[in-house]
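Have a look at the structure below before the remarks.
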Amino acid sequence: MTVKTTVFGYPKIGPQRQLKKALESYWSGKISQKELAQEAEKLIINNAKTIVQHGIDIVPSNEFSLYDFILDLSIMFNVIPERFQNISNPMERYFAIARGTADAPASEMTKWFNTNYHYIVPEIEKTTGFELKENKPLKEYELLKNSLNLKTKPVLTGPFTYLYCAKVKDYAYFLDRIASVYMRLLKELEESDVEEVQIDEPAMVLDLENNTVQAIIDCYRKITAGLSKIKVYIQTYYESLSHYEKIVYELPVNGIGFDFVDGRENLDSISKFGFPNDKILIAGVVSGRDPWKTDFTETLKLIETLTKFTKNIILSNSCPLMHLPVTVKNESIPEEILRLLSFANERLEELTLLKTAINEGKEPPEQNLSIKFTNPEVRKKISQIDENALDRKQDFSERYEKQMEILRLPLFPTTTIGSFPQTAELRKVRADFKAGKISLEQYEEFINQEIKKAIEIQEQIGLDVLVHGEFERTDMVEFFAERLQGFAVTKNGWVQSYGSRCVRPPIIYGDVWRENPLIFKETLYAQSLTEKPVKGILTGPVTILQWSYPRKDISKKEVAYQIALALKEEVMELERAGIKIIQIDEPALREGMPLKKAKVDEYFDWAIKSFKIVTGAVKPETQIHTHMCYSEFNDIIEKIYAMDADVISIEASRSKGEILKAFEKFKYDRGIGIGVYDIHSPRVPTVEEMLEIVKRSIKLIDKRLFWINPDCGLKTRGWQETISSLKNMVKVAEIMRKEAKDV
Ligand code: GLN
Ligand code: ZN
């Protein structure tokens, strides 16, 4: 038997974050549209070259996007919200939808499955007519054919996943409507001699209803009806395929791809139902989302098992490689950890090695993948946790009353989520510090100045609960990873989060514990400057875990508990030092939720318990806040409630207050701040529009529990727009207080 290799979802940002730099230059008017397009072309060509050079047989195309691949599909299909239709320049319009303009708020952005990638939600209505306006996959195919003389495999998101991303309800109706544009698109590819195309359908791993499955199959029948020679492969990932038997046997396609890393149940399905002999099995065997080297022995065994069911196998990555940085080369992580890691380029090498092992019977190189970084004391503390004794000592209503008395807050207290603008100057000082050009004292002195400025500004604006501004943090997870034991951070391990925004996920390689204080100094300094309460803000255990690459030798639950214990020490110390409000951010709570319903309860059980490990032991007088954003919250509102935070600030403006629907069904009677404006856009929100959100909200939420805050942290914004926006926000609170008094 011989196998071929392919990959997909290769990181688009470029090894030096070229995309980020080009986008930001374009947005600030430093380069033209043409120059941006040229930069994009270079990236497309270079990425393809890298993949070829690593010996991959089937090279993907249409992997590039200027902002988001779901938005690209919307543009291609002419799904353009009305408020942007007056913008005639296509590129301007594209970024307007993604980022908003002075007149039109951006489309909603939300998390892509259980990952930290964010996509732009297509705005689809019953009457939306889909039209193929542009064939982007074909363009990129031709670009690579002409420039590298390379025939590639275009990759695009499929109709079902696209509609799932658009949050439509009636799949049968929309699948039927959208089939014809996919059909045209594929037909055009076929007519241009494209030999194979990959259609990603990760939504096929969700729990699907029978009639949805049937509608998907019907849709693909229509799409592929007129095709003769182009090969169509469906790729599923992040979990195991649902309705395996029906889909695998009935879907009229030439190949189906499976994730064998995060969807091990796929193997059970194959063993149980076999695999059709007229289809190719694309075996996702090297991980697209964890950075640990592939175990060759284990993987070759897996492939051998698969060959019992089919000999038509293409080796691939398990899920898009975009969740990994480009390469481990040039990283200065300690060798004992570095030797265990594979990023995107190393995945390409692994696939080639596996292929040679199979095709030529060559032994892959010896591996020693064992890792042991344990701390007996941490293990002991974990074993002593009493999971039934994590609750706070008093009920919410009792606690809240005490807290509000001590804090002396007005009705509709105003606050922000934590971070304030990270200016170019701040970034430069930080870079200088990291490069050893300035001393630690000089750096801390600068941070203190920033804190002081931020406190003054907040007092001037008239906010009620202040924050220190998080100037010491590059990133809300990386910062803690740098200070906690058991984590390694990378220098250049960037991964796209949304648009131009990239993060460097830390790597959890050993037991986690806290050796030194985390945010103690900054918080106390800020509190020393003001009479108003300053929140101590920490990233929560689930988010730190979710936005890092966890180790694989112990369970996620255990890692989360270890992080939680470390954070708890900090919380208790802050409380002892007189900090009255502590905020534990958990924006990734929802993202960590398993895609299969059967696994959800177990997840929330340990996720909520880890939050309680951090927060449960504080005095009733200490107010615990949490923050969440840019996810679907409606179906987990009860879980959020069960975390028993005194106040939650939650994003709502970008999803147009969708969360409010949840409160129609579920009475949320704890402190809550519904985000009143979208911080992803430089646009200054008007008093009226924020007032509208507040008024809508207090129909469902007790006004004595209502807080007013932006959607999320303000670190990506400029000071000017931040100040104007917050001033308007404070006006909203003033109006509301006045109205409350008048009635
Ligand atoms: N406290 C963080 C900030 O303000 C929260 C960020 C987030 O939710 N992503 O930046
Ligand atoms: Zn947030």
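Heads up, the Cβ atoms here are built off N, Cα and C, so glycines get one too.
In TrEMBL, annotation is done automatically, which means it is predicted and not curated.
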Further binder of L-homocysteine named by TrEMBL next to I417, G418, S419, E470, taken from the candidates D290, D295, D585, D601: D585
Candidate from E651, E689, E692, E734 that TrEMBL assigns to the same Zn(2+) site as H627, C629, C712: E651
Further 5-methyltetrahydropteroyltri-L-glutamate ligand in TrEMBL, beside K20, K111, N116, R501, C502, W547, within candidate set E63, E459, E591: E591
Nearest-integer angstrom distance between the alpha carbons (Cα) of R501 (5-methyltetrahydropteroyltri-L-glutamate binding site) and H680 (active site, proton donor): 11
Least Cβ-crowded entry, counting other Cβ within 10 Å, from the binding-site residues listed as K111, H627: K111
Length of the line joining the Cα atoms of E470 (L-homocysteine binding site) and W547 (5-methyltetrahydropteroyltri-L-glutamate binding site), in Å: 18
Closest of G418, D585, H627, C629, H680 to K20 (5-methyltetrahydropteroyltri-L-glutamate binding site), Cα positions, recorded positions only: H680
Residues among the recorded positions K111, C502, C629, H680 that border ligand 1 - Cβ under 6 angstroms, in sequence order: C629
Within 10 angstroms of H680 (active site, proton donor), Cα basis - binding-site residues out of K111, N116, W547, E591, C712: C712
Listed in sequence order, residues with CB under 8 A of C712 (Zn(2+) binding site) and six or more positions away: I417, P587, H627, C629, Y630, E651, G675, I679, H680
